[in-house]
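The transmembrane segment feature in TrEMBL is assigned to B:23-45, B:65-86, B:98-120, B:132-150, B:223-243, B:255-272. Taken from TrEMBL, the feature domain 'ABC transmembrane type-1' applies to B:63-276.
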């Protein structure tokens, strides 16, 4: 085999690995984007439970964040990836004794990352809830809005604006945490870079490329979030 | 007095009966209790003395590896964070730009990628690394000099883990330090200058005591994050707590390998979290009114 130049290795196509890594980057972004809405929704409801007056609701929400913020991400992932099939298998044996269950890496990653993301996001939402004065709820009540409408039309728009910078941080760590899912075999950026590194023996090159991909994603998302923040600020100014 | 007391709005009476949030709360707490009992029941039913006798010592050893890795990396990171934080606060464009790039790189890429970059990537430079060597005295049938090269350092997975973690935490700690020092009002610097203290004295006697109170919580969080993140060195074949759990699971296919390790991590993190809160309460006692 002729010695391949670095540019051949990094080219697009059958000789190069750039297409594989680009595909991996796509999977990384897809995983993070698929996690985001689930995590945000769960995180919002956890924060809502934490600021409720009902002690049992607060307790349940606090257990959730204690567990998922206290466990290492990798342990949560492995527990889920290896534990849930065993659990499901036990349940399914009652109906179909010969069934086997495999957990898809993407789905397992999505669920685990939403659990982790939501427990961090709930802290951000909680501090945003605390920053909204009580008068906003009372004002909503005074003009005859139902609880649900007050939440949707009065509280939520302000809440999102206050929580936005904190959620940006959560998003960045979510983006980085997606690399952990490579460990259970999902073909994302790091995994594909690792395959390329093993095949070509140019480990430093390909892991650097993977690092650059993550760096690029972080830079792109910081541009995107600052654009969103600016448009939010403009809308604020128009009032 | 009594007139004003009656004017004060009373807190609303506590909801009685079973309003919706209470039903939801009780249901969720019951769910957690059921979940916890389920895990405990599983651990009791799956209790396997042979498994325990075989792997408990390994877990303890792994715990030692995890703790020493985190401790060494934290200390090295703290030392390395000083020049980085200095660079970040420097008015020299080049210096602050370099420090910014350092921090941006290590905070913008996953720790797993950095660890791989060190563990697998440095192997690409094996011939070059083998050239740099120093002679160190070793005891092997008498005192002799042995040549240690950089490659001897980097071929050990534990060292690579420490190296990557120290670089990573240095970036985070530099930001913590910078934030804490900048949180001290500028008047403190000026006041010290007017008393004739020079810069180092000001930093040591006036700025740092105030800054470190601010920095305690972020430092504690960083420690917790490091302990959690240290699980990933299991992937580069270090037998830390997680690495031993992986080994135990691979040998036995028993999920309790991971459940036990989760319990250990959770207990460790909770102890640290409450310890930090306790210390913070203690050292801010003079700030409370």
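Quick reminder: no glycine exception, Cβ is built from N, Cα and C everywhere.
What you see is a predicted model, and the numbers here were worked out from it, not measured in a lab.
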The transmembrane segment (B:223-243) in contact with the transmembrane segment (B:98-120), cutoff 8 A, at least 3 CB pairs, sep 6+: yes
Contact between the transmembrane segment (B:255-272) and the transmembrane segment (B:23-45) (3 or more Cβ pairs under 8 Å, separation 6+): yes
Contact between the transmembrane segment (B:98-120) and the transmembrane segment (B:65-86) (3 or more Cβ pairs under 8 Å, separation 6+): yes
